[in-house]
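Reviewing the structure listed below.
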Amino acid sequence: MARPKNVKHIFVTGGVISSLGKGILSASLGMLLKSRGLRVAIQKYDPYINVDPGTMSPYQHGEVYVTDDGAETDLDLGHYERFLDESTSQSSNLTMGRVYKSVIDKERRGEYLGGTVQVVPHVIDEIKDRMAELAKNGNLDVLITEIGGTIGDIESLPFLEAMRQMKLEMGERNLLNIHLTFVPYIKAASELKTKPTQHSVKMLLETGIQPDILVCRSEKPLSREIKNKVGHFCNVNDLDVIGLNDCDTIYEVPLMLLKEKLDLRVMKKLGLKKFKEPNLIYWREFCDKVNHPRDGEITIGICGKYTEYPDAYKSIIESFVHAGASNNVRVNIRLLKAEDAEGKTFDFAKELEGVSGILVAPGFGDRGIEGKIQYIRYAREQNIPFFGICLGMQCATIEFARNVCNLQEANSTEFNKRTRYPVIDLMEHQKKVKEKGGTMRLGSYPCILREGSRAYAVYQKFLINERHRHRYEFNNTFRKPFEENGMIFSGTSPNGELVEIVELANHRWFVGVQFHPELKSRVQKVHPLFHGFVEAAKEYSFGKRQMELPVERSAEMPSFMPAESDMGQ
């Protein structure tokens, strides 16, 4: 199999409206090319001025995806990793803020020899250097670059100009542009409208870029007549107009693009020949399990602070898709707003009716903390499968301290610096840190598991590596009273100082982790903790259904009614 002499570049842009799915398109194309034997990497360029998304609100940006090397990046990198089963890195995500920062730093060091620093050429040249960086350092055949934003946005123009110049320098056989547009369906007229796509291509042409391939998102499949019309008015071959209609799950997108022969059109245009046929048997089986689960469905409640915006929990939600397929069930998600549970009259039994497991999600700040703690207490006392991630694990230790260890005023110093029992405290090396951006404990770190624990049972090994994003940790001063009351510290850092995993032995499934397992779950490698949690929730759900059959019933568990002293203020 002959490798291409030069790395081939594919740039993915989007038009008409945002949130069309450029990330899913890029990941799907990358997966198809990889399945043909090509070595593929994907990178994301964001036009905002922030250096990285690490300090951005989840309401504006969604989740922050952390790589092994500690980069805080765009959530689209999660799609890249889940689809390609390849790790990304710091160089996989570039923001305009980082570009400007680099240019200004160079100017301060005198590297421009006293010249007037301008967008053209200095900023554009910096972007071009970064665009080629991954291609130079990686062992690659194809590099896919997703350009964030929508054609017409002012902030995206430098990226587009850099792409235009690169195509001129490299030649059309080494770089192509795939433009993703929207073809709306007008119900009143019962037809698809191509005019928005035509206008989007016109705006792209104004930047000097003629798209090589058009991918058209639509509610309904595109007819041959529609494709011919789009091709005719957008100056592309109708074979290069790819339809991408709505589907039940994002994991069907690669199969739809394969049917539309997008990968073959890309390979032909880039001169890539003699590569194998893709073997997507596993992918088809996975999609079949997602769409037609053998054992029915269960519901998992995700308790969080940002439930109005599900993208804040994107990797967690996708991890449940993977774990559901591996357990032959569909996992339905019920988002639980933590603040709602802080009222004294909150009815947990009603809110959690039909819920077979509770995950308390990551987050920062004191808003909604007492609600999270009450959800954890309910899960612990009612023996409902519980899974806490990062802040969720910290809240679990606070709840355990207050209601089991009788440390009534226990808290985290993040929420109460003068708490009498600081069971969660700022990490020692964080106490002198002043800046917020990029200063947390970030990236992949090793963890040693305790033999005989639930964590060891699901991982089936002693040493694991997981990704982190936190400043606070469990306070080791309180280890003894916790262990005396039944808490197991089943995972720690290799030196034993930092608590990574806590669990309860006398519970159906009660596990809290300081790290972020959702960042390492992939289609072909479901994360063992998510698999185990869904398995426990499935057993709990099916057990409840058996109990509800019309046979002699046992006495029901008493309803949960926390004392006033336990409720948040």
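Every residue, even glycine, has its Cβ placed from backbone N, Cα and C.
Secondary structure at C390 (active site, nucleophile), taken from DSSP and collapsed to helix, strand or coil, is coil. Sequence-distant neighbours of C390 (active site, nucleophile) (same chain, 6+ apart, CB under 8 A from its CB) are P362, G363, R469, H470, V513, Q514, F515, H516. Residues or ranges marked as active site, nucleophile in Swiss-Prot: C390.
Taken residue by residue with DSSP, H516 (active site) is part of neither helix nor strand, so it is coil. Summarising the environment of H516 (active site), the number of other Cβ atoms within 10 Å of its Cβ, over all protein chains shown, is 21. As annotated by Swiss-Prot, active site applies to H516 (among others), with the evidence given as sequence analysis.
Annotation for E518 (active site): same-chain Cβ neighbours under 8 Å, separated by at least 6 residues, are S315, I316, E318, S319, I389, H527, F530. The feature active site is assigned by Swiss-Prot to E518 (among others), with sequence analysis given as support.
Taken from Swiss-Prot, the feature CTP binding site covers S18, D153, I154, E155, K193, T194, K195, P196, T197, Q198, K229. Cβ neighbour count for S18 (CTP binding site): 12 (other Cβ atoms within 10 Å of its Cβ, all protein chains included).
Around the Cβ of T194 (UTP binding site), 22 further Cβ atoms fall within 10 Å across all displayed protein chains. Feature annotation from Swiss-Prot assigns UTP binding site to S18, K193, T194, K195, P196, T197, Q198, K229.
Cβ-based neighbour count (10 Å, all protein chains) for G23 (ATP binding site) stands at 24. Classification of G23 (ATP binding site) by DSSP places it within a helix. The feature ATP binding site is assigned by Swiss-Prot to S19, L20, G21, K22, G23, I24, D76, with sequence analysis given as support.
The L-glutamine binding site annotation in Swiss-Prot covers Y59, G363, L391, G392, M393, Q394, E414, R471 and is backed by sequence analysis. Around R471 (L-glutamine binding site), taking its Cβ as the centre, 17 other Cβ atoms fall within 10 Å, counting all chains.
According to Swiss-Prot, the Mg(2+) binding site annotation covers D76, E146, on the basis of sequence analysis. Around D76 (ATP binding site), the same-chain residues six or more apart in sequence whose CB sits under 8 Å from its CB are K22, G23, S26, A27, K44, Y65, E146, listed in sequence order. Under the three-state DSSP scheme, D76 (ATP binding site) falls in the helix class.
If you look up Swiss-Prot, you'll see 299-543 marked as domain 'Glutamine amidotransferase type-1'.
Mean pLDDT across the region 'Amidoligase domain' (1-272) comes to 93 in this model. Here Swiss-Prot flags 1-272 as region 'Amidoligase domain', drawing on sequence analysis.
Here the binding-site residues are E146, E414; the one with the fewest Cβ atoms within 10 Å of its Cβ is E414. The C-beta environment of K193 (CTP binding site), restricted to residues of the same chain at least 6 apart in sequence and closer than 8 Å, consists of V183, P184, Y185, I186.
Max Cα-Cα distance over the annotated ATP binders (S19, L20, G21, K22, G23, I24, D76) is 12 Å. The Cβ of Y59 (L-glutamine binding site) has Y306, E308, Y309, A312 as same-chain neighbours under 8 Å, each 6 or more residues away in sequence. A straight line from the CA of S18 (CTP binding site) to the CA of R471 (L-glutamine binding site) spans 33 Å. Apart from the site residues S19, L20, G21, K22, G23, I24, D76, the chain places the Cβ of G14, L25, S26, H79, E146, L180 no farther than 8 Å from the centroid of the site's Cβ atoms, the recorded ATP location. Considering only the binding-site residues T194, P196, K229, M393, R471, the residue whose Cα is spatially closest to the Cα of L20 (ATP binding site) is P196. In space, I154 is the closest of the binding-site residues I154, P196, T197, Q198 to L391 (L-glutamine binding site), judged by Cα positions.
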